[in-house]
């Protein structure tokens, strides 16, 4: 929640800021959540009208005003071009100059305040920086090729056992969404857990400058984004920007089992805390057991302490989620019982869902996103389940020159663990081809181009007791298949 005075002051360039005159009737106005999607506008929100490649947020201002937004950050030139359209909105609005406060004196409470700036995105970022600098939470930044959101959820669940914790919504990790998360910071927040994604070199450095994390956590470095950055080395440099920006008294939390991440220990001035499955890590685990959908167990070593634990996190790869989260917890002085309780919370594994399917089947919904490393881990999980195993796998995007090889690696592993393989999409044909070459009978492989085709093909083949894994990149929308394979009302009846 941010007050009007701070918004008008914070959106201005830092070198020329001046506090505007705010009439008495507006001095106590406080905004709720800051959003960039007009569909998320509710009474009390601040909407930021961003102009993107596909849509322009200014187009939705009539709807934003009607939904009850308290205000919006808008472009002066865009508003000038839309004055006639906005004049038709039933609810009144007022154009406000953030430097002088002009427009407030003639506006009455209840109107929507359109705060005119040169560039709404830059204004949002300036406001987020100004707001962040006024508060003193411990900020944890998380980056990596895969596992950012899962690690964020596990870490936030763990830290919430002791600290008032703010976390990024969904996968809010961009130059536009990290600022909206920062604007949710309140004085009561002791810790903020933020994802930091990357579209191009320099972006993580920019996000770190916005958020100023004291702790930076890197999960792994893989071929995701190879399509844009062209080389694994370029991806490594881009991810390393987080640890390069950490303060000397901060902490770089590194996956010691990933050679590229482990090499980042030489890229930071911060202290290093490592985790992994080998004794050279600061926090390490052995005697690791995966019980399929029933969780994991391990023996954890830290200094002279040895703790055995069993957690409901699903899949052997979840060991790394747990170790990463516990690493930050230990840095912040948490005790083992509280950390184990946090990782036992269902919120610790929000991305992967296990739901009932039609005809007494079980759906392993891992559809949020996919890369070769995470899909191989998901297939390992499928391999640990009883009964007949079905893998529904779609295209993995943004792999660049590693595209064919990555899909073929997945196909080889699918042949080892799945009894029935269903591929969805053009790229996933490589999965099917590799599975066939690895010895999987052609009769057990269904090649589909669309979700609808996959649904029609797999439904008649499902049997009671089947475990069905679904995984693909976000753009494939494989959750449509999850919905279609869940029990229908007539089946439940």
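For all residues, glycine too, the Cβ spot is worked out from N, Cα and C.
Sequence-distant neighbours of the domain 'Mur ligase N-terminal catalytic' (36-78) (same chain, 6+ residues past either end, Cβ-Cβ under 8 Å): 2, 4, 7, 11, 29, 85-86, 88-91, 93, 96, 112-121, 123-124, 127, 176-177, 180, 183. What TrEMBL lists as domain 'Mur ligase N-terminal catalytic' is 36-78.
What TrEMBL records for 142-328 is domain 'Mur ligase central'. For the domain 'Mur ligase central' (142-328), the model gives a mean pLDDT of 93.
Residue 146 (ATP binding site) counts 22 other C-beta atoms within 10 Å of its own C-beta, drawing on all protein chains shown. If you look up TrEMBL, you'll see 144, 145, 146, 147, 148, 149, 150 marked as ATP binding site.
Note on the domain 'Mur ligase C-terminal' (351-474): DSSP counts are 57 helix, 30 strand, 37 coil. What TrEMBL lists as domain 'Mur ligase C-terminal' is 351-474.
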(request) Specify all same-chain residues, apart from the site residues 144, 145, 146, 147, 148, 149, 150, whose Cβ lies within 8 angstroms of the center of the Cβ atoms of the ATP site, ordered by sequence. (result) 142, 151, 219, 220, 374
(message) Is it possible to list how many residues within the domain 'Mur ligase N-terminal catalytic' (36-78) are helical, extended or coil according to DSSP?
(response) 16 helix, 10 strand, 17 coil
(request) Kindly assign residue 149 (ATP binding site) to one of the three DSSP-derived states: helix, strand or coil. (result) helix
